Amino acid sequence: MMLRGGCQRVGARLRGLRRGPRGPADGARRGVVSCIDPSMGLSEEQKEFQKVAFNFAAREMAPHMAEWDQKELFPVDTMRKAAQLGFGGVYVQTDVGGAGLSRLDTSVIFEALATGCTSTTAYMSIHNMCVWIIDRFGSEEQRHRLCPPLCTMEKFASYCLTEPGSGSDAASLMTSAVRQHDHYILNGSKAFISGGGEADIYVVMCRTGGPGPRGISCVVVEKGTPGLSFGKKEKKVGWNSQPTQAVIFEDCAVPVANRIGDEGQGFLIAMKGLNGGRINVASCSLGAAHASIVLARDYLKVRKQFGEPLANSQYLQFQLADMAARLVASRLMIRTAATALQEEREDAIVLCSMAKLFATDECFAICNQALQMHGGYGYLKDYAVQQYVRDSRVHQILEGSNEVMRMLISRSLLQE
C-alpha cells in the first residue's frame, strides 16, 4: 500500500518474550489491550496506513532491531523499503514524491514504526524533517531537484544545527558562511549529527550575517563537496542503528543556489522544522512505550514468583494501570499538538513543547518501569525492553531539551 521453577522451565516460558515486539503489531490482530489501542479516535483511512506501518515494523524492523543495535548497522535497505510505502517523505507534498499526509497522520505512522525499532524510526523522522524544510522553504528548482531522491530514500538527509559550543543556545552558533561571488565559504563544525558521514544531503544552519538569530541562514551541503569532512563515529548508549558524527566545514564552497529561503531566514526555518521534529520524536517515544507495556504485560502473565504469576500482584497491576494511563495521556497530547501544528494555530508552538516534554518524560518512565518489572531479565540484551529504554532516553535531550521546553511553556504563560 502506498500512502497517502527451575531455571530451564522459566527460560522456556520466557524465551518468546526476549526479542522485540511481537507487541503492538501482532497484538493488534490478537485484540491487544483495548484501553491502549493506538487506533482509537482515528479515521478508517488513518487506521489503514497505521496497520501498514505496524505490519512493516513487525516484519521488517523488529526481527533485526537487536542486531542493528549491537552491530551498529545503519539499515539502508530497510529504510528504502519503508520509503516505497511513502515513509521517506510523509508530510512532503506529492508533486515532489511525498505522501502529502498531515502532521497527525505522521505521528500515527512514526509511533507504529517505532515499535519495530525506535532508533531507526527516529532517524527517519529527522530525515523527514529535512525533506519538509526543503519542500516548504526551497525554490521550485530546489524542491524538484532535491526532494524526489530523498522521498525514495535513494539519498539520506541530516539536520545540522547543534555545535560543540551551542546546544540549547542555538542562536549563538558560530559556523560561518562568507559569500564570495556565487558561493558561500563555510567554516566551522556541527556536533551530534544523526546520519553524519552516511547522509548525502546536509541541511546546515550557518552564520551569513551578524550575531543572533537574524544572522543565520540555511544552506544545503551535498556529500562529496570539497572541504566537507566528518569526525569519528560516536559510541552511544542507544540510537545505535544510526551513526552520529561531527560534520566539519573547512573552506567548504557551497553554491549560493543551495541556500534555502532568504539570507537571515535560517533560524526561523530551523525552529519551524523543530516544531514538527518535536512531535515526531515524541511519537517515537510513544511507540517505544507502547511496545514496552505489551512486553511487560506478557511477562507478568508467564513469570511466577511465590507460587503464582506476577500478574496476580495488585501492586504490579496498579503500576501497569498507571503506565497505560500515562501512555494514553501522552498520545492525546501529541495528537492535539500535531493537529494544532497542521492548522498553524497560534498555540501550536507551546502545545508542541508541552507534548514533547510530557510524552518523552512519561514514555521513558514507562519503558524504565517495564524493565523493572522484568527484574534481572530486563537488564539482559536478550530482552527487547532494555533497548527501548536506551533508545528512548535521548528523546528528552534532543530536538530541544526538555528544560528548553519548560522555558518555552513558562515564557508563553508569563507573556499573557
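Each Cβ is built from the backbone N, Cα and C atoms, and glycine gets one as well.
Pulled from TrEMBL:
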ACT_SITE  GLU399  active site, proton acceptor
DOMAIN    43-154  domain 'Acyl-CoA dehydrogenase/oxidase N-terminal'
DOMAIN    159-252  domain 'Acyl-CoA oxidase/dehydrogenase middle'
DOMAIN    264-414  domain 'Acyl-CoA dehydrogenase/oxidase C-terminal'
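The predicted model assigns the domain 'Acyl-CoA oxidase/dehydrogenase middle' (159-252) a mean pLDDT of 97. Counting residues of the domain 'Acyl-CoA oxidase/dehydrogenase middle' (159-252) by DSSP class, helix then strand then coil, yields 6 helix, 47 strand, 41 coil.
Here the domain 'Acyl-CoA dehydrogenase/oxidase N-terminal' (43-154) has, by DSSP, the following mix of helix, strand and coil residues: 84 helix, 0 strand, 28 coil.
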